[in-house]
Amino acid sequence: LAQSLLALFASSLAISLVFAIIPLCHNVVVLAVVMAVAGLAMGCIDTISNMQLVKIYQKDSAIFLQALHFFVGFGALLSPLIADPFLSDTNCILSNGTANASSNLPHIRKSLLPHHPGNLSRYDLPMKGMVVTRVSYAFWIMALINLPVPIAVFFLLYKERMVPCFNGSSHPLLSADELALETRPGDKDELSTSAQRPHTAAAGHEDLFSCCQSKNFQGASFTYFAVHITGALVLFMTDGIVGEYSGFVYSYAVEEPLAVVHKVAGYLPSLFWGFITLGRLISIPVSYRMKPATMVFINVVGVLITFLLLLIFSSSVVFLFVGTASLGLFLSSTFPSMLAYTEDILQYKGCATTVLVTGAGIGEMVLQLLVGSIIHDRGSYSFLVCGMIFGCLAFTFYALLVFFHRMYPKPSPELDEASPEKAAEPEDTGQYQR
């Protein structure tokens with residue numbers, strides 16, 4: 001836990017530093033390096049926060065994962081609103097030809113679309129002159145907004161006596177037992193029994209990279225690896241859909257046959273992220289009553305049906321907005337629900353979290369590149385066809401995951417008091433309290 005908190009502190013502080021440095025980067029290579037550092041820090045935060053929630057709350061982690069990812073969506077929705085007042089409506093460089101260039105901006109944007117590359121030479125943007133952009137302020141505001149996060153993590157490290165220089169004067173916020181699990185009075189025998197078990201889920205706190213040790217894979221069955229792989233492939237597809245849809249729905253809308261006005265089409269990504277955020281907020285109470293496996297099934301089927309209707313009504317602008325909202329709603333809780341479901345199968349060791357987060361990140365990167373190249377070659381309609389194919393693949397991988405779950409060996413009662421099967425038995429008092 002100390003290693004995780006230190007990594008969160010370093011990563012969150014790095015993000016504030018990166019956002020402060022970005023406006024000062026006047027070389028594209030330096031900017032690329034700085035952005036790579038930001039991506040590395042965000043990947044660490046994503047993985048560690050998900051993994052620790054699973055380890056600490058175990059059976060109840062689904063609720064906390066939904067809350068975590070609600071704030072992810074809320075941040076994605078809020079940050080463009082912060083940047084918007086500082087964006088220029090015209091070209092950012094003033095020169096004698098700026099007025100003419102500004103009037104041609106809609107045509108230039110149109111020429112940048114893949115079907116009209118030849119028109120690009122007709123319009124000239126001034127490349128020298130006085131820079132008038134104020135977008136630097138947006139980055140500095142985001143750096144300040146993020147700064148309380150590393151301060152809060154450092155405060156938690158200090159209160160938990162995990163800072164080497166200040167480990168003698170503070171009082172912990174929670175004792176180790178309270179942090180690890182929520183026990184009810186009368187559970188002393190159960191707690192003492194769990195303390196005697198050498199390789200429980202809590203043992204994963206000994207080392208941040210304990211799940212990567214080869215000894216954990218010795219004697220593992222085929223289904224153990226299959227659950228990891230199929231779970232990661234589901235998120236590869238669903239998070240890939242999130243990335244490619246938010247990235248290309250604007251380009252799809254402004255192309256024929258829809259030909260939506262540019263300003264109106266600009267609302268589509270915001271609508272998509274807005275409903276992702278709303279869906280994650282709704283999923284917090286829903287996950288209290290519904291099993292993660294059921295939620296993932298509803299999400300994947302909903303994505304399939306939405307893409308099918310988008311293909312059928314591909315010439316309707318109204319349904320494009322309705323379908324975008326529907327897609328955001330169904331995709332919203334897929335990641336946290338899949339994480340909770342997979343970790344529930346694998347007894348909350350936290351190792352699956354790393355595999356799933358990595359699979360989701362790779363999918364978000366790869367599918368955007370793939371869809372972008374396909375749209376360039378085949379036209380805008382292939383955008384929806386690709387989404388439909390990815391949705392079918394996600395459903396197929398989910399069906400395989402359920403199949404491997406059925407085959408996965410059930411844990412013995414003395415090694416898993418928190419499993420759903422054990423919790424259903426009347427004689428189990430249960431370690432965890434909602």
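Cβ atoms are placed via backbone N, Cα and C, with glycine included.
Record features (TrEMBL):
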type	residues	note
REGION	412-434	region 'Disordered'
TRANSMEM	30-49	transmembrane segment
TRANSMEM	61-82	transmembrane segment
TRANSMEM	137-158	transmembrane segment
TRANSMEM	222-242	transmembrane segment
TRANSMEM	264-282	transmembrane segment
TRANSMEM	294-313	transmembrane segment
TRANSMEM	319-341	transmembrane segment
TRANSMEM	353-375	transmembrane segment
TRANSMEM	381-404	transmembrane segment
Pairs 6 or more apart in sequence, C-beta under 8 angstroms, 3 or more of them: is that satisfied by the transmembrane segment (222-242) and the transmembrane segment (61-82)?
no
How about long-range neighbours of the transmembrane segment (353-375): same chain, 6 or more residues beyond its ends, C-beta under 8 Å?
43, 46-47, 50-51, 54, 114, 211-212, 228-229, 231-233, 235-244, 247-248, 251-252, 335, 338-339, 342-343, 382-383, 386, 390
Which stretch from 30-49, 61-82, 137-158, 294-313, 381-404 shares the most C-beta pairs under 8 Å with the transmembrane segment (319-341)?
294-313
Stretch of maximal Cβ-Cβ contact with the transmembrane segment (61-82) [cut-off: under 8 Å; candidates 30-49, 137-158, 294-313, 381-404]:
137-158
Most Cβ pairs under 8 Å with the transmembrane segment (294-313), selected from 30-49, 137-158, 381-404:
381-404
